Every structure is written in structure tokens, then in C-alpha cells.
Amino acid sequence: MYMIESKGGAISCMLLALLFLGTWPAIMTLTERRGRLPQHTYLDYTITNLLAAVIIAFTLGQIGPSRPNFITQLSQDNWQSVMFAMAGGIVLSLGNLATQYAWAFVGLSVTEVITASITVVIGTTLNYFLDDRINRAEVLFPGVACFLIAVCFGSAVHKSNAADNKSKLQGFKSLETTSSFQIETGPADSGLAKGKAKEGTAAYLIELEKQRAIKVFGKSTIIGLAITFFAGICFSLFSPAFNLATNDQWHTLKHGVPKLNVYTAFFYFSVSAFVLALILNIRFLYWPILGLPKSSFKAYLNDWNGRGWSFLAGFLCGFGNGLQFMGGQAAGYAAADAVQALPLVSTFWGILLFGEYRRSSRRTYVLLISMLFMFIVAVAVLMASSGHRK
């Protein structure tokens, strides 16, 4: 199997993982805003997410002189570590599923910042102690504190932006009763004129709400934040579980049984995530949540609108997670949590593709810049704490 042995190689893996993990949420958000049911999108996504793990296992897990390789470990008595890997896959799958709904309520940027920050605050602390403190605590924990501050700014950004949107829509009591005449004759600053609505205007928000799969107008902001924080808790646990699977810090394996390599652990990790996602999303087809319309497995199979984008999102997430774990095994999983800088990438896509924060108040812009600044500082400090696993 192929092993990352240098700190430079580990950091390269983390940076590539950062790009992949920051891009796939934007693709999933794109399909939802175009009206595709999240159940359909997530079923497609989870197929290629598993396929990415299989590709990594049968390539990087088999090449090179290091032993044991992926296929050899499939028949070894290592079920204890396998259980840790599969537990990590389960909580990651729950977190990914929750964020797909959270994106609709609080936006791509804020969702990613809050979940990533919670992941670092809890997950990095756990990984620091599991990795026998190979990362520099005097550098690591100030970085964790910066992430916690970013959580507070993220919540404030969402609250301020929600107030901005409410102000834009004051002239329209109900989305359902907003007529085409109202849209064409609305106030000049509302963007309600014939033709394509301008991003950030009332017309744009109304058109988006009518087109998207998850309807959010009139819903409590508490729902979105509750889903976001639940996802963050789930994300904070998957990396420590994977750490336990590959390094056996609790000495659960029998004497003489090799520890799981990254590729074998990632395979089991992805299998459990796939099975749970399959079960939950098939259930959501027939018993949907948050007011979504019912669907069926036949309707899912016939829905090719956005399927290619969903497959791409699964590949990006799968390869991104694999690269994160490869870097973490080499430089410490606490330092590898630096890939939680993914909101910087997601915010870029959110502004570029979806017009998030266009025509918002000055207060919202100040909070957004403060949030991103704290996030950049936190990631830089976290990367500086990198160690080297012996």
C-alpha cells in the first residue's frame, strides 16, 4: 500500500481535500435550488461516494512495498477496528444528510462555517489526546478557540441576513398569493421588473423559493440552526472514530493482529455510510420530512435532472475524505482537521453561484468579513500545530 511519510506530502493531501470538500456542498445546493428532491440527489451522491472509496482501496491500498495491503486485511481478525471505522461512517452520513437540509434554511456559507467550527472544537480536542499529543498544544488550542469564535459570528451572520431578507419581502404577505402583476409592478428597489430577477432582490428570493425543492419561507430560523448544530456534532465524531480504527489507541485488537491501514478503514467507513444513507433516503422517498413532496424509487430512477452533478458531488466528497485521512495518518488527525477550512471554498461558491449576501445590509457584510477572518486565522494556527506520527 502507498504511505504518506513526509509532512509536505500530508499538507498537500490536506489542501487537495480542502478543495474537494469545499466544492461538493455547492454542487448539492445547486441541484436543490433547481428543484431536485434532496432524497434523489443524496441517493446518487452516496453511490459515487462509496465508489471513490473502492477505487482508492484497490489502487493506493494495493500498490507499494508496505504491508499488509487492503485485500489482505479483509480476511484478518480486526473486527474491533472495523466497528470503529463503521461508526465513523454512520455519524458522517447523518451529518451529511442533515446539512443537505440545513443549506436550504441558513445558506451554504453559514452552514459550512458552523458545522466546521463545531467539528474542530470537539473533534480536534479528541484527536489531540488520541494521537498522544503529537501536535503542539500551545498552538493547537488557540486555533480551536478561534474556530469557536467563528461559530458565534456564523450565527450572527445568519440572523442578520435573515432580517435583511425579511425586510426585502415586507411588501409581499404570502409567497403563494404573490401574483405576476405584483412582480411586474413592485417597487423599483425590489428588483421586481420584467426579465431575470437581480440577485439579492425580493424578486430573486421569490423566484428561488418557488423553484427550489425545500420551501423555507415562513419557517423558524431555529429549525435551520438546530439542524446545523446537529450536523456539526455528527461531524465532530467521525474523525476520532476513524483515528481509533487505524491506530487502536484502546488496544482492542488481539496481540499480533496488524492495525487497519487507512485504505481498509476508509472502505469500511464508506460502506457503513452508504448503507445508512440508502436506508434513510429510501424511507424519505415515501415519508418525507420538512414538507417535501412524496416520491418513489421508480420516480428516483427516472429523475435524470441533475444526476450528473450529484454523481460528481459524491466523487469529490469521497476522494476528499480519503485525502484527509491519508494526511491525518501522517501528520496527526488533529492537524488534518485544518481541512475544515472548507467553508472558505463553500463561501466563494455561495457568493459566485447563488448570490448569497447580495444587497445585504452593512451589518451583515461586517459580520461576514469578521467570520471569515477568524476562520482564516484559526486554520493557519491549526496547520502550524502539525506534528509527525512515528
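Every residue gets a Cβ built from N, Cα and C, even glycine.
Feature list (source: TrEMBL):
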- 41-61: transmembrane segment (TRANSMEM)
- 82-103: transmembrane segment (TRANSMEM)
- 139-158: transmembrane segment (TRANSMEM)
- 222-245: transmembrane segment (TRANSMEM)
- 265-287: transmembrane segment (TRANSMEM)
- 308-327: transmembrane segment (TRANSMEM)
- 333-353: transmembrane segment (TRANSMEM)
- 365-384: transmembrane segment (TRANSMEM)
Which sequence-distant residues neighbour the transmembrane segment (139-158)? Criterion: at least 6 residues beyond either end, Cβ under 8 Å.
106-107, 109-110, 113-114, 116-118, 120-121, 124-125, 128, 221, 224-225, 334-335, 340, 364, 367-368, 370-371, 374-375, 377-382, 384-385
Feature contact check the transmembrane segment (265-287) with the transmembrane segment (41-61), CB under 8 Å, 3 or more pairs
yes
Residues of the same chain, at least six outside the transmembrane segment (222-245), with any C-beta under 8 angstroms of its C-beta?
81-82, 84-85, 87-89, 91-92, 94-96, 98-99, 101-102, 104-106, 110-111, 114-123, 126-127, 130-131, 155, 158, 216, 260, 265-266, 268-269, 290, 324-325, 328, 333, 336-337
